[in-house]
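Features reported for this protein in TrEMBL:
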| type | residues | note |
| --- | --- | --- |
| DOMAIN | 1-238 | domain 'Major facilitator superfamily (MFS) profile' |
| TRANSMEM | 20-39 | transmembrane segment |
| TRANSMEM | 60-82 | transmembrane segment |
| TRANSMEM | 97-118 | transmembrane segment |
| TRANSMEM | 125-144 | transmembrane segment |
| TRANSMEM | 150-172 | transmembrane segment |
| TRANSMEM | 184-206 | transmembrane segment |
| TRANSMEM | 212-232 | transmembrane segment |
């Protein structure tokens, strides 16, 4: 909740490169802490071992992983470049952007806190509805994003909606792949990290070569495709 606004605030003081350098140092410290703190786990007996990627052959699983990739790639295609978009399109200064990012963080916290109520009603509706709302938000920002009020409202809506995505996909794994949740979770984490990298890289290329609104268009397109894939291909196992 505080990382994005704090990063924006510190970026105005020490520069964005030093913010990333500080984040890298914190990442190294976290790795050391995990290695020192977490206990080792017993290995899996050889007769119980299964090929992790055989899970992708199950009905609906590959579609789910593709949808996960597109949703997170869409998120990072836009959110990585929210500063140039909001400062140049809507005219926010550093202080205003910090408040926008804080609002986004609070909205994400609220969305995550209340996600269980939505997921209890329908996991599929959440997994398809959230990216559809994000696609419409991206379109709204492209058309009316020069208005500060609209841009600030979209940041809040984006935080609320995207909060459903990681919780929703974790729920999908525990429902649809309960017997292999650990392996499926490993694949999910790898897909998300790859998606974050690809989304940020392609979003940056689009920003440099196709203009300020291109990361938004890319993000919106990926979110719309995610909603369509979920609605058409992803299977959700109902609660027993």
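Even glycines carry a Cβ here, placed using N, Cα and C.
Note that the coordinates shown come from a computational prediction; the quantities given were computed from them, not determined experimentally.
Touching of the transmembrane segment (184-206) and the transmembrane segment (125-144) is ruled out by the presence of fewer than three CB pairs under 8 A, sequence neighbours closer than 6 excluded. Scored by C-beta pairs under 8 angstroms, the transmembrane segment (60-82) has its highest count with 212-232, from the stretches 20-39, 97-118, 125-144, 150-172, 212-232.
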